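Colleague: Here it is, the structure in full.
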Amino acid sequence: MTENSDKVPIALVGPDDVEFCSPPAYAAVTVKPSSPARLLKVGAVVLISGAVLLLLGAIGAFYFWKGSDNHIYNVHYTMSINGKLQDGSMEIDAGNNLETFKMGSGAEEAVEVNDFQNGITGIRFAGGEKCYIKAQVKARIPEVGTMTKQSISSELEGKIMPVKYEENSLIWVAGDQPVKDNSFLSSKVLELCGDLPIFWLKPTYPKEIQRERRELVRKIVTTTTTRRLRSGPQGTPAPGRPNNGTRPSVQEDAEPFNPDNPYHQQEGESMTFDPRLDHEGICCIECRRSYTHCQKICEPLGGYHPWPYNYQGCRSACRVIMPCSWWVARILGMV
């Protein structure tokens, strides 16, 4: 069976029909250049925005400076140590409850940080291989106002501070082993010490002073014993006095020896806290004017302890002590 199919002839396309087969042509678009006025407007907006940001930053910095100005204050002074003039500075940071004292410069610089918040004092000497800490009473430093700063400046600036350096005063000797756990130290003390090993300072007195103190304690004990013997036997107390059952003994009230407490009484010594300072360690009770108080920081000699000198390599760390009358009147704002 034969299938018949109709053949459709292909139409010939002439030259006139080429434009119908060609792809559509894209019309040319003319880009209109930006006008100068538009560019000026954009530039003006950018400049105004930058000026506003700068103004806001300046205002913020001003208020930040004004706020921190009441918490931190620096003052510079001059001190005479062994006939040699040295520069010193004191920084009061009431916001962080810190005092920082610097003495000397270069290889003779000594820095002392009093952390009243945690009750720790850190001391470091330039070129030294150790950093030292000692116990410090906890206190609160009030804010320093503008009038107070002017008063401090008039009290210290441009004057040579007298130095009190008593030969019979206590001497601070470093411990034999460094502190293993320094987590109790503040960031300021850790920043002061850096990578140096930290050693506790233990107070000691010259042997002559210790001998005098032992003699005084021996006399007190002898006098107390004599009075007890005169009061009669223990079973028959004198009239008006309680018996031993109600009267506490001295040994019962005495605290046990604590080798980690640098302020503990040892060998009949009194408390090592400087009696010229008040209980907060900020000012001087008996002083009528400011002075520079220096203390000796020494290294252990490692020899026989009863030897007259069991320390070596002493260096001095000095700080300014203000009269308590001035401190209370000015710092606390009572006048």
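Yeah, the Cβs are placed from backbone N, Cα and C, and that goes for glycine too.
From Swiss-Prot, here are the annotated features:
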DISULFID  C131-C193  disulfide bond
DISULFID  C283-C287  disulfide bond
DISULFID  C284-C324  disulfide bond
DISULFID  C294-C318  disulfide bond
DISULFID  C298-C314  disulfide bond
DOMAIN    104-201  domain 'BRICHOS'
CARBOHYD  T223  N-linked glycosylation site
CARBOHYD  N244  N-linked glycosylation site
TRANSMEM  45-65  transmembrane segment
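Each of the listed features needs to be described in terms of its position in the shown structure.
Modeller: C193 (disulfide bond) falls within a helix when secondary structure is assigned with DSSP. Neighbour list (C193 (disulfide bond), Cβ cut-off 8 Å, at least 6 residues apart, same chain): G122, R124, C131, L185.
Non-local neighbourhood of C314 (disulfide bond): I171, K296, I297, C298, E299, each in the same chain, at least six residues away, with C-beta under 8 Å from its C-beta.
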Colleague: Got a sec? Which of these disulfide-bonded residues, C131, C298, has the most Cβ atoms within 10 Å?
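Modeller: Selected residue: C131.
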Colleague: How many whole Å apart are the CA atoms of C284 (disulfide bond) and C294 (disulfide bond)?
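Modeller: If we compare the Cα positions of C284 (disulfide bond) and C294 (disulfide bond), the gap is 14 Å.
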